[in-house]
Each structure stands twice: as C-alpha cells, then as structure tokens.
Amino acid sequence: MVEETEVNELKKKGNETRRSQRKLGRSAIWAVLVLIIALGAAFFHTQKGKPCPCFQDSRKYTGIVEDCCCDYETVDAINGAVLHPLLQGLVTTPFFRYFKVKLWCDCPFWPDDGMCKLRDCSVCECPENEFPESFRRPPLGLPADDLKCQEGKPEAAVDRTLDSKVFRGWIEVDNPWTNDDETDNDEMTYVNLLLNPERYTGYTGPSARRIWDAVYSENCPKYASGEICQEKKVLYKLISGLHSSISIHIAADYLLDETKNLWGANPDLMYDRVLQYPDRVRNLYFTFLFVLRAVTKAKDYLEQAEYDTGNPEEDLKAQSLMRQLLYSPKLQAACPVPFDEAKLWKGQSGPELKQQIQKQFRNISAIMDCVGCEKCRLWGKLQVLGLGTALKILFSVDGEYRHHQHLQLQRNEVIALVNLLNRLSESIKLVQEMSPTFEKTIGELSLQPAAKLISSWKRLWETVVGDRLRKLPL
C-alpha cells in the first residue's frame, strides 16, 4: 500500500514537471515571437520613407503632367525622338552658341564671400581682335587674374573665345521680367557656351546655399498644401524645375578624381539631389513643357527671325533646325499645346498678382549677380533669362496684358530661350535613362537588410524554439 502511494506521488510529480516544462516552452516560444515582432517593427520603422522594392512601380511617372496638357510617356517619347536631337543641333550653330552677359561681381544684396574649389569656376577673357569690328569696345569685365571674381579657381573660368563673325540685324529691347538691362552693352561681353559647359565647378558651402535660400524663401516660397493661387504654384514649380535641371547637369558632368582630372557621371549625387524626390522630377517636366509652350507660341516670330552670323551654311542650318522644331508633325500630333497659359491671371486681382510675380522673378534674376562662381553665374543668368523670356512670351510684357501688342524679342533672349529648352530636354532624357537603373539598384539594396533580418529570425527560431521543443518531454 505504501509502495503504491509512493508510485502515485512520483507520477503526480512527473506530470507536474512535464506541465511546467510545457508551460515554460510555450513561454519561450511566445517570447521569441514577441522578439521577432519587435525586430520587424524596428526594421520597418527604420525603412520608413525609404523606397521599398514592393512599391517601385508607384514611383514611375505616368499620366498627365500636373497643370499641363501632356503626359509623361508622351514627353519622354517626343523628347527622345524629336526635340532632343533638334535642340542638340541648334545649340552648336554659331548663332546659338554665343551669349552676351554681365559677369561682373557686384551683388546688390550682400558682400560676395563665395568660395569655389575648382578653377572651372572662373572666366577667361577673349582677345579683343576676335570680336567683329562692330562689337569692338574697351575691355569688359574683370581681368583674368582677379581673384575676387574667380576666387582663384580657373576650373570655374568662362572661356570667352569667339569666332571672327557673330550676329547682325537684331534690335535690342529690355525684358521687364529680368533685372539685367540687355541694352547696356558697355558692361556686357560675349561668351562661347560650347567652351563653357554647364558642369560641376566645386561651388559649394554656405555661399551656394544662400543663393537658393534667397530664391526660395524671399521670392518663391513653396505653396501650402491648400494653396489655391495657381499663379504662385507656377512660379514655384518653374524655379524648382530649373533647380532640378541644374543639379542633374552638375551630377552628369562631375569631377570624379581631381588628381587625374577624371570627369564623368555621379549617379549618387543625382539621386540624392533630384531623383529620390518625385516632386522635383515632376517640376522638371512642368518647366520643360512651360518653356516648350513659349517656343511654340512664338513660332511665327522665331521662324522669320534672322539667324545671320556671316556663315551662310551654318545660318541656313540654324534656320532649318528651328523650323523643324517649330513645325514638327510628331510634336503637333502628340502635344500641340504643352501648357495652357490662358487659365491664369483670371479675376479682378489678375493684373496686380501679375505685377507681384513679375517683381519676384526680377528679384530672382538679380540674385544671379550674387553667385560667387563665374561659370555658375553664366549659366544661372542664361537660364533665368530664358525663363524670363518664356514668361514674357506667354504673359504680359508689363503690368497689363495687351492683345494688340506685337511680340518683340532681342537676340540674347532667343539664345537664352533655346539653350534653356535644350538644358531641360537633356535633363528629361537623363532622368528617363537613369531612373530605371536607380529603381533596380535601390530595390536590391533594400532587399539586403530584409534578407539578413529574415535569416536572423530563422536562426533564432531554430536555435531557441527548436531546441526548446526538442527538450520537451513527450
């Protein structure tokens, strides 16, 4: 009887032990599950805001470009097939390769304290005997060794070498949308744009940031989410699109190794500054269509203009390419009206709002005199003048809109307008070419930490839970 009682007690204790072990095992499993969930939450929290390979398709740009009349797919197709080749040919002709510009360093807003790292920031004057007789005048600008303007960095220099013949037959009229007085020839010089490509110059730091801060914060603040003023949205998106294009060209022609003078594309910089921000890419497309609309709207004027530089063969080429651009059947069929300017400036406040935005844009053009790098200033002035010319074509030339007023453009405005459209066209092409590569690369990179995390979870499950389950009594 005593032995039977002892056996029962031993069985009872054994059952209790097994129940305790099972309970402990379940607790361990739940603990591991909680740990897995916590690790997962931490992982996805760290990935918040980063591209996820599962959603890469949502980052592709499809549908109508906001506030425009064409879709992204059409823009990419027509740009690659028609616009980009024509524009690349146009800007190499003598008429469009020379730009008249003020390159003096007198900033109207603050003392010039910019710092440029490379000699590509500065400008080299061309010999006076290379100017046509009608353009000869006392030396302009600052001497080549003026460190205030060049900041001691010849990579920032603008090469002012010219052909022996340039322009004739154009009148000079001022642009009320921009700050520079284009009729003031005494302070302007001609620059060969082909010898001074838009590229990385090393112009960075507080001075460079202050330029864009002044442009955005004081004259072109980002509109609020509930903003109903379409005109203010347009101004912001134009500047943002131009900014994106400039950043893309800096990244596309970057000094990769200064010791070897090795230049090439910097895709990481392009992604960091533009491609990872969908709104910046969208604004680039918007600006491109806005400027394209200005060019097509002025087709009668641009077709009849004299592209005379004293080189008959090249001048005929320029005129032919311009007509192909203005009357391209593919462009007219795919995107006849890239942007509808008629929907702006409505209501009683329209004229007053137009004057306000015109003043803001003039201030933006004046800020270009504060750029502490000559080559950056050259391209900043050219592209802002090009944008100001587009505004002049699409809207008023003063505070009031006059339907009877004939369009008048001066030579420099046409040169700036076409070169700006070419810069934007090239940026669109680069975005189209680079985006798929970045999507694939980012997808692969974002998969790596996920794979490592899953592998860690699996090992943790097998070592802790699996071992615990194997030790559980049957």
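Even glycines carry a Cβ here, placed using N, Cα and C.
These numbers come from a predicted model, not from an experiment.
When other Cβ atoms within 10 Å of the Cβ of CYS373 (active site, nucleophile) are tallied across all protein chains shown, the result is 33. Residues annotated as active site, nucleophile in TrEMBL: CYS373.
Under the heading active site, TrEMBL lists CYS376.
The feature FAD binding site is assigned by TrEMBL to ARG199, THR201, TRP212, SER240, HIS243, ARG273.
What TrEMBL records for CYS116-CYS121 (among others) is disulfide bond.
Summarising the annotation, TrEMBL assigns disulfide bond to CYS373-CYS376 (among others). If you draw a 10 Å sphere around the CB of CYS376 (active site), it holds 27 other CB atoms from the protein chains shown.
Taken from TrEMBL, the feature transmembrane segment covers 28-46.
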Out of ARG199, THR201, TRP212, HIS243, ARG273, the binding-site residues in the record, which is closest to CYS373 (active site, nucleophile) when you go by Cα distance?
THR201
Tell me which residues of the chain lie with their Cβ under 8 angstroms from that of TRP212 (FAD binding site), as long as they are six or more apart in sequence?
HIS243
What does the structure give for the C-alpha distance between SER240 (FAD binding site) and CYS376 (active site)? Integer Å is fine.
17
Cα of THR201 (FAD binding site) to Cα of CYS376 (active site), in Å and rounded, measures 8
